[in-house]
């Protein structure tokens, strides 16, 4: 009893049972109280470890006896979270603790060393990343959380955790460049690769951490510096999905925006990267699996069908890992990404796959049952054969139904293969299978045992062990002659087998069987050691072995692969002996062959011909130096073939396909550069286009199409794949009434008819299919189709149709949903107003979240709607509001407008889709029911609303209000903003830059209310709406004449640039700016005191984000950006023309070009939405003499221009060395370039570089270290409003919000701050500097102890010195400064802090600090308690007390804007003087 208790205290019960029969194995059983996990062998030893609940146990005798691992001073007991072995060092292992202490061994578990870290470990996954060459180099991924905000720091060690350092404070996965021994075996590496680390980081300003980038560092990200990996032809790539090491390759996957397509990038030296080509096939999200690969190629399973029955195609790369060839179609796969593919261990070129024979049925009906058959290849996938058991076909369960640890079919035992399956037409269920064996690497098979069994190999195949796997058993089976005959051995206990394993190299005669006994509440677990050492009495001699060929060809002769035949020394099946060479891996004998066609692959710049027999140039070949003076010349170049690296075939007497051959210099010729703009005019027999949409190809795609879909007013559909050079009619006679592009996937377009039939393309018009819905389109002007925002759920649809609308019935709208692209539909909700998928995002964690508006009482005549949501297709539902007008879903917020009584509205917001909070509108804001609001934007961590305050037709205007970061508390940003009858607002945010927006305000509000026409003025913000100013006009017009007014440094009400905006556009897609042309905007307007008629306007451009504007053309033009702003085309909007103007230098010079001999009235000019193409499309009608009827399109192709024929060069490590420079946007009122608390630095093409940008790439180079906070980083808080001097004051008669609310809203809150009238702009990341949003902290109720701990005060002598010494010092310094200062003491305006100037300037700390402290002595007695806490907080703000630096990562792609992680710097002068004491000079007023 005492012994049992002692064992229980160690959480392990030991009981031994032994058998000693000579004709069977020796069996030892250890009983466990808890199920063991993480069992592993130290390679080439009998030492085994496992985890037992919260303890680690070790055995040094192959599992016969076990002892707890105690660690130094027995500290490990009861503290183990997980155990891991080092995959490349047989002596190392790691025990990770539940807290901050962990242990490591480097002597196979004999001794353990303890190390402690400051961070916690992630909840799941292996946090360790290993170096493939130096086993002392390890990366440890950790996590740090503060409230609901978590970051993931990474640590690294170069001495096996004898010491460790912070690698980076925020990452999404880091790995050594040399991550495998195969990669480390490369003979030569670029410099510094040995220490190179690659990490995934949150993208720069990625709103909710969705986009990630890949950076590398050779100095462990010293100084928070890293370089973005140049994946795409030397350029970085956004939105990285994953990065892994595969044998001798590094593989990174990236996602293209607005599509489900992925791109795969491969490197074999961690320096040069190439995009993988998949033989015309496309990769999709969660659509590929890196399979077991070789040292000379990568195998990838690419998903070819989705749904619940996925299938994959097998692709094999060349030796560079770049060019992939399709080997097999319709491989069986599962939803976890596993593919039924496995190589035979130790033998090159042989692998088994499972394929689906009824794949057409599965693709058509996703819920069908697969018919799976097994195939085997003996020649690296070139051909596949049936697996034969006698004369019948054998089918085996593979990776998708794995039932044991380790490999499925084979082990290092040469040629021995086992599997569970059945003979017949297709694979049956696992429990209907039997155990089959092959001893010739899969050529022939036989049934070894009835029923399904787990199995394992020992002594290089001399012993095969199996255990029943369909239920409980008390025996094992084993074979000593390659599985032809079997014996059984009784187990002392009856178990359900869980794992059967042995040493990784299968050279041992000892096995471990893990199983579970009977019962559920008191279930026992067992580790059973099986030892076959005594079954045979003798060790094998020379005559017991054979020279066994690993591969045979169709003539059953030894076959060649990679230039050699492969043989093994293997024990004969009938020999009654054991090899007994423990831990000595079987070594193949290689016999070289003469070279054949199979030993060669296509050389770089070459691809396989269509018949797969030759290698042809993939692109124009490089010109050999000193050759090819004339096109008709000849030169000696590559044959197109090369010997596969690593292939050791004998060339003498064999094929020499890589022998250089004579080529024509015409192969090197590039596409001719005509030097002219190409023009293609196409006419249509229709009056006008009804609608047209670009289906832009994915950014990372290798496709070249530029697809546009067009629906004419005659309801005819046309498609172009070459940007309008040619058009073809599609879906003729199908009665298409509406084009409906997929909101989140550019590859998908729906063609809606007036009935139930819908047509669809999923590949930008390459093919079409049709499906039927349950109902025809609705009649309530509701969106017919709604899409899921997740690219992986692109087939999830909501269709809103009309029901019971015939003959005056109860006509209403019904929503149906489909998860398979429209094949099957299910009712979602009846009597709906509108339904939308919300999906994951931010704190929303489910894909099934749907919101619907539904008529109250399910009565379509009832115009009151309620808002409901569900996470299970409305099997269960939640009612959020009972009387709403409408709702909107956005990236971070869900916004709803609901009635609050008879004559007012209320707005609710949610970030999690579950809990809504009513918005707190600014004071004096009473939104009447008959008035309106417009959701403007939610991309900068806040919601922008326009609330109409005057709603008379043609006289509408309102106020823009902006929310806090959770969308609930709104402050007034700007009043009297223009709106039109259709509820559109003159508001536009600049694309590509943070926080810049333009609006038009009504200048004559009083007159407009009385019925007068509006007079509009344009205003701009550079800090996300916290401050607005009039736009500063240019000094001269396009003809070089001065304007009639000159405002000075900034625009004024009397003299500003006023621009025609959103409410006047024909097409709302025609914006001022472009996301790819950073800093550029074009607009039409005029200089003066208000906006005049558009017909009287001129055309203007800005190149610096709206600070300086230039008049470029007299008159009203429409414009379009091309090649990311390196080409801009303008054309007259209001008059017929034959010409366009274009600029190649951002509007500094303009060139006129005649594109037609017949005048045309142009209605629009377009290009691809990303503005990256060199092609443009004019839409218009011919007028005047020679005009043709109907409308026409004109393609303008600028790719023939010499100035745009060469691709620009960008090197991330030297960004200004070639065709680009670094540009920093700035605020016009600041002397430095800090915006939103940081300096953003962008790549921009040099205007004089004669080249083209090409595909879209990330313009943001990096974000520098965070800046000190200034007034521009704050906006007015709730119930406060901005004054004329830029300060924030409480609205008369109102009170601040109760600051204690945070204590109830956040249970983890320790303190709250006294309201100051200011709050941080949600977008800012500033640190230190001016702190305006919280001077004085108070403890939350019942959190006094925590508050004191966080803010320890000064007492006694310390307090005395803290007061007296600064005053004395300040007096001395103040006297000296006063006599030398350039001015008198005056008022300091709030927040007008300069970051530069002399020591004696007004903002010098030598002046400001003494002023603050001397002034503070006046109130020192009343401020004593406050000062004590203030001194501590100030000290903590300047010195890193109790925490590391909070500076986020500053290099490109790694900047994680940790909003909410701010250092609380208290400015003593602010706290003592109060905000009202700050003022400034007249020339510094805001």
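Glycine is treated like the rest: Cβ placed from N, Cα and C.
Marked as N-linked glycosylation site by Swiss-Prot on the basis of sequence analysis: 295, 966, 1262. Annotation comment: Swiss-Prot describes 57-66 as repeat 'BNR 1'. Residues or ranges marked as repeat 'BNR 2' by Swiss-Prot: 376-385. Positions annotated as repeat 'BNR 3' by Swiss-Prot: 436-445. Feature annotation from Swiss-Prot assigns repeat 'BNR 4' to 478-487. Taken from Swiss-Prot, the feature repeat 'BNR 5' applies to 718-728. What Swiss-Prot lists as repeat 'BNR 6' is 817-826. What Swiss-Prot lists as repeat 'BNR 7' is 1100-1110. According to Swiss-Prot, the repeat 'BNR 8' annotation covers 1141-1150. The signal peptide feature in Swiss-Prot is assigned to 1-20; the stated evidence is sequence analysis. What Swiss-Prot records for 21-1356, 1427-1486 is topological domain 'Lumenal', and it gives sequence analysis as the kind of evidence. The topological domain 'Cytoplasmic' annotation in Swiss-Prot covers 1378-1405. Annotated transmembrane segment per Swiss-Prot: 1357-1377, 1406-1426, in sequence order, evidence recorded as sequence analysis.
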**Study point:** residue 295 (N-linked glycosylation site) and residue 1262 (N-linked glycosylation site), distance between Cα atoms, whole Å
**Key:** 37
Revision key, fill the gap. Here the 10 Å Cβ neighbour count for residue 1262 (N-linked glycosylation site) comes out at 24
Review point. Counting by DSSP, what is the helix, strand and coil composition of the repeat 'BNR 6' (817-826)?
Key: 0 helix, 3 strand, 7 coil
Practice item. Specify the count of other C-beta atoms within 10 Å of the C-beta of residue 295 (N-linked glycosylation site). Key: 14
Check your understanding: In terms of Cβ proximity under 8 Å, which residues at least six beyond the ends of the repeat 'BNR 4' (478-487) contact it?
Key -> 23-25, 416, 418, 437, 439, 446, 448-449, 461-466, 532, 535-536, 573-574, 576
Point to revise | DSSP residue counts for the repeat 'BNR 3' (436-445), split into helix, strand and coil | key: 0 helix, 4 strand, 6 coil
**Study point:** Beyond the flanks of the repeat 'BNR 8' (1141-1150) by at least 6 residues, Cβ under 8 Å
**Key:** 677, 1080, 1082, 1101, 1103, 1110, 1112-1113, 1117, 1125-1131, 1198, 1201, 1203-1204, 1247-1248
Check your understanding: Where does residue 1262 (N-linked glycosylation site) sit by DSSP, helix, strand or coil?
Key -> strand
Review point. When you scan the chain for residues with a C-beta under 8 Å from the repeat 'BNR 7' (1100-1110), skipping those not six or more beyond its ends, what do you find?
Key: 990, 993, 996, 998, 1020, 1022, 1031-1034, 1057, 1059, 1079-1085, 1146-1147, 1225-1226, 1228
Study note, to complete from the structure: Here the mean pLDDT of the repeat 'BNR 4' (478-487) is 90
Point to revise | Structural state census, the repeat 'BNR 2' (376-385) (DSSP three-state) | key: 0 helix, 3 strand, 7 coil
